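Peer 1: The following feature annotations were taken from Swiss-Prot:
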| type | residues | note |
| --- | --- | --- |
| BINDING | Asp124, Asp153, Leu154 | S-adenosyl-L-methionine binding site |
Amino acid sequence: MARTDRDRWDLATSVGATATMVAAQRALSSDANLIDDPYAAPLVRAVGIDVYVRLVDGEIQPGTSEFDPHRMAKGMACRTRFYDDFFLDAARAGVGQAVILASGLDARAYRLPWPAGTVVYEVDMPDVIEFKTLTLADLGAQPTAQRRTVAIDLRDDWAAALREERFDTQAPAAWSAEGLLVYLPEQAQDALFDNITALSAPGSRLAFDFVPDTAVFADPRWRAHHDRMSELGFEVDFNDLVYHGERSHIVDHLSGRGCSLVPLFRVG
């Protein structure tokens, strides 16, 4: 089903299911030297999407496609490590606020060794925030930083909601928009970065990833992956979840607002 302007979801439906997919890929990572996320698999099981539960429980064998979930997990492990290092490098440099936009099943507030006094803000849909908070509490997990949740749709006035949770606009912050941008319409994407710029004190940092051309989700190789996941019982079509069409180039958008940008890598 195609997106609508005011659509909503939980972690088992629509865009929310992509957060569960990402958590499953983190759980599949076998290299403990790269990432360590002990909460990924329990969170996936708690959501209960059958195909991802079977994946993390080892009931689905690796395939040969480049989009096979097991192969994609290797890329997700690298992405996760990049953002882990981004936040910890910022924190060690004295940046005491971290803001995780569209936090999903991200457990960095619980699993990273944050310096004392660090405040981690998680911004996501109310149902997503509530589910993760309650599930991690049931697991006995304790945050390793001061965790503050902002339960709001990123298409709404999340900046005001963030300030209400005592975000300090006079202190630098580290921001992440991980795996997020393709799920926002053009206006919301531009507003997202304008808000980040307006809220950021000197010394703030921002990390994000983006897909230059969403036509990749209609590529025959990706469609083969979709068909394979459908065979396994997962019916969400990612081509229906992303916003297609022209939008501002993020690098140009931020450069025009005085940001210093460092491209780290490009895939494809």
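Here the Cβ of each residue, glycine as well, is placed from N, Cα and C on the backbone.
I would like each feature placed in context: is it buried or exposed, what are its neighbours, and how far apart are things?
Peer 2: DSSP assigns Asp124 (S-adenosyl-L-methionine binding site) to a strand.
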Peer 1: Which residues of the same chain, at least 6 positions away in sequence, have a Cβ lying under 8 Å from the Cβ of Leu154 (S-adenosyl-L-methionine binding site)?
Peer 2: Leu101, Ala102, Val123, Asp124, Leu180, Leu184, Ala188, Leu192
Peer 1: Most Cβ neighbours within 10 Å: which of the binding-site residues Asp124, Asp153 is it?
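Peer 2: Comparing the binding-site residues Asp124, Asp153, the most crowded Cβ belongs to Asp124.
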Peer 1: Quick one: which residues besides Asp124, Asp153, Leu154 have a Cβ within 8 Å of the S-adenosyl-L-methionine site's Cβ centroid, in sequence order?
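Peer 2: In sequence order, the nearby non-listed residues are Leu101, Ala102, Val123, Met125, Ile152, Arg155, Asp156, Trp158.
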